[in-house]
Amino acid sequence: MKRRHDLDWLRVLLFGLLVLHHVAVGFVAWGADIYRFTNDKVAGDWLGLLIYWTHSWRLPALFLIAGIGTYFATGRSRGLRFIGSRVARLLVPALFGTFVLNVVAGYAMARMTGDPPGFWTFWSRWLTEPEPRQVLHLWFLFNLTFYTVLCWPLFAARERLERMRLGTPWLLIGLVLLSTAIVVLVKPHAPALAGDGYQWPYYLSIFAGGYLVGAHHREVLDGVALWAFWLLAAATVVFLLKVSLLAVELASAPEVGEALARGGWVPAGVAPAYEPLSMLHSASEAATAWLWALTALGLSARYLRRGGPLLRPLSRAVFPVYVLHFPLTIVGLALVAQLDWPWGLEFLLLAAVVYLLSGLLYLAADRLGSAVYLIGGRPQRAPAVPAPRAGDLT
């Protein structure tokens, strides 16, 4: 099966954007709700809107790419051995990152918001009194682990899925409607922060949808490449609708607006489950995610078809850099908050340092052989040794 360089490039770009996203959260006022502290100087509302826009589709696009990639991986094997290796590849860095790497971020947060004990005491409590929040950014890997196991029956039906004659428009419309139904029905009852609550089944639908897209990838990718700019226009309109609905609610009833954004307004007792405005906002959330993700697929299929010398090393590095970057981001944010510089310079400095140190740590781990598995990497394959010629043996 021919490798799709456009999908590889899109995966690299999306994970690269993730680093900028996590850095940017430290420079908006509401970032304190997530990191427990922010930079001493923060940007205006425009950066918050930019973060909100990227967050609307970046994670769904990553789950979509993960589903498509899983389709390609099941071309070789999809039995118990495949599931075991896939789960191990996800869980090993997830657990190592949670209990070894993320403690650094947790300690930095504690130092910035209180008077924690010494680091070793803090780490001991981190190990012996674990809490779900300790996974931090690695929730993505835990979710993918569960999704992989749950979708095993889908993997087993690979050939039947390939034989299904679904027109690309109908396949994509069906997937959008499935995700929309999940958000509309579940979001009123289950608030979410990072892949939990209503987002858990929502992202599952996108991952499974990615596998179905993979089963018909030639037709789908050709279609979204052809429709890329129409998808871009539709995605822009739907996102603006989503933002407008939220802005109206925040202006008229802030408590309801905040619940509309995070979900769970029924248990919070601030609004009925299904009102026209809340249902429309929920529907626009799913539609925004799918339209922007498909736009990204379409633009990649148009303009990123070639490989190039950088693609292979970047593809190898992107997973380990994802695992490593967040503790560096939090520690770096705590340090730049002490500087008396314009926030823009501090942002650029922090982003550059996080990219640089994450890359250097990955390169160091990559030289340690199998140890690179701990951060989601794979040891380099030894170059093939050419067979000796007859004349070389004499």
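Using N, Cα and C of the backbone, Cβ positions are placed for all residues, glycine too.
Annotations in TrEMBL come from automatic prediction, not curation.
Copied over from TrEMBL, here are the features:
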| type | residues | note |
| --- | --- | --- |
| DOMAIN | 5-362 | domain 'Acyltransferase 3' |
| TRANSMEM | 12-37 | transmembrane segment |
| TRANSMEM | 57-75 | transmembrane segment |
| TRANSMEM | 87-110 | transmembrane segment |
| TRANSMEM | 136-155 | transmembrane segment |
| TRANSMEM | 167-186 | transmembrane segment |
| TRANSMEM | 198-215 | transmembrane segment |
| TRANSMEM | 227-248 | transmembrane segment |
| TRANSMEM | 287-305 | transmembrane segment |
| TRANSMEM | 317-337 | transmembrane segment |
| TRANSMEM | 343-365 | transmembrane segment |
- Any chance the transmembrane segment (343-365) and the transmembrane segment (12-37) are in contact, meaning at least three CB pairs closer than 8 A with a sequence separation of 6+? yes
- Item | Segment proximity, the transmembrane segment (87-110) to the transmembrane segment (136-155), 3 or more C-beta pairs under 8 Å | yes
- Message: Cβ under 8 Å, sequence separation of at least 6 from the ends of the transmembrane segment (198-215): give me the contacting residues as numbers and ranges.
- Response: 59-60, 63-72, 143-144, 147, 150-151, 154-155, 158, 161-162, 164, 171-172, 175, 178-179, 182-183, 186-187, 189-192, 263, 286, 289-290, 293
